[in-house]
């Protein structure tokens with residue numbers, strides 16, 4: 001029996017789904033991502049969503065201004081799709097290298113999504129343009145109808161929105177983001193090379209019992225919501241299989257402590273500080289460390305048609321405690337796994 005690895009050396013990873021927010025929050029959270037990842041797909045759901053090239057350029061600069069000296073980090077900007085978005089504006093942003101992808105939020109599916117798309121038909125001309133451009137569509141895959149149970153929203157989305165869309169636009173590149181169900185895992189596995197998925201650390205590590213049994217744990221509350229154990233296991237098996245169209249997307253989504261620990265708390269896990277080590281722990285538990293680098297560093301660039309990062313990151317088997325909180329100007333952030341010990345940490 002061989003001794004377990006003490007060091008994991010991988011190509012520098014990318015985060016294909018992150019929320020960096022704005023203002024003081026942005027300045028606080030950006031370094032946790034820029035220190036580790038070469039690139040990150042930045043979500044556009046600010047209070048005033050990023051729907052124009054100029055807005056994306058300005059936001060990108062605010063992000064870059066928050067990157068500490070010595071960090072080599074490139075934010076990849078996305079356009080927030082709305083019913084009224086101009087396809088020419090989207091194409092201009094893509095050709096000018098401002099927009100890497102566009103994001104489809106069903107209206108009111110998650111934080112700051114009230115401006116989202118009311119129906120796919122409303123944006124079909126934009127999606128047709130994206131298909132011609134080879135521009136990826138990033139999808140929050142949940143229906144938001146009041147009569148659909150929150151635990152069924154993803155599976156229903158596949159049947160009523162995702163599959164009809166992909167039948168209609170057969171060469172549109174689609175990333176099914178933060179998948180949470182065995183239905184989505186099977187759907188992506190059965191799909192063609194134009195369909196990929198991101199998976200978060202929390203959906204690999206936890207299920208809804210972890211959030212709800214023995215007291216409500218608001219810092220595990222995110223959208224899409226944690227599902228049953230059978231769904232968690234399906235996600236773990238997907239990544240452990242070495243499936244090449246699944247890749248790292250933390251969906252790190254910071255909210256101040258008082259907005260999480262309240263009678264009507266916000267959805268989102270701020271997992272940037274511990275995400276890479278969390279993924280490593282899952283792959284180790286699944287005896288799948290041979291596929292860890294591809295998930296973190298190779299599969300995403302392959303799908304997006306981008307080069308693999310040239311640098312390297314080392315994780316060491318060195319137990320460290322995640323901070324209980326991180327200071328904000330007028331509050332604090334409670335990170336994912338706060339106060340808990342993680343067995344893999346990034347070598348500084």
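In case you wondered, yes, glycine gets a Cβ from its N, Cα and C as well.
Neighbours of residue 251 (Zn(2+) 1 binding site), defined as other CB atoms within 10 A of its CB across all chains, total 27. Here Swiss-Prot flags 17, 19, 103, 251 as Zn(2+) 1 binding site, drawing on sequence analysis.
Cβ contacts within 10 Å of residue 21 (substrate binding site), excluding its own Cβ and spanning all protein chains shown: 24. Positions annotated as substrate binding site by Swiss-Prot: 19, 20, 21, 45, 140, 223, 255, 267.
Per Swiss-Prot, the feature Zn(2+) 2 binding site maps to 103, 140, 178; the stated evidence is sequence analysis. According to DSSP, residue 178 (Zn(2+) 2 binding site) sits in a coil region rather than a helix or strand. Cβ neighbour count for residue 178 (Zn(2+) 2 binding site) (all protein chains, 10 Å cutoff from its Cβ): 26.
Around the Cβ of residue 103 (Zn(2+) 1 binding site), the number of neighbouring Cβ atoms within 10 Å comes to 27. Here Swiss-Prot flags 103 as N6-carboxylysine, drawing on sequence analysis.
Annotation source Swiss-Prot lists active site at 251, citing sequence analysis.
The shortest Cα-Cα distance from residue 255 (substrate binding site) to any of the binding-site residues (17, 19, 103) is found for 19. Of all the binding-site residues given, namely 45, 140, 178, those whose Cα is no farther than the 10 Å limit from the Cα of residue 17 (Zn(2+) 1 binding site) are 178. Around the Cβ of residue 223 (substrate binding site), the number of neighbouring Cβ atoms within 10 Å comes to 20. Working note on the binding-site residues 20, 267: by count of other C-beta atoms within 10 Å of each C-beta, 20 ranks first. Listed in sequence order, the binding-site residues near residue 251 (Zn(2+) 1 binding site) (C-alpha within 10 Å of its C-alpha) are 178, out of 21, 140, 178, 267. Listed in chain order, the extra residues whose Cβ falls within 8 Å of the Cβ center of the Zn(2+) 1 site residues 17, 19, 103, 251 are 18, 41, 42, 43, 45, 138, 177, 178, 249, 253.
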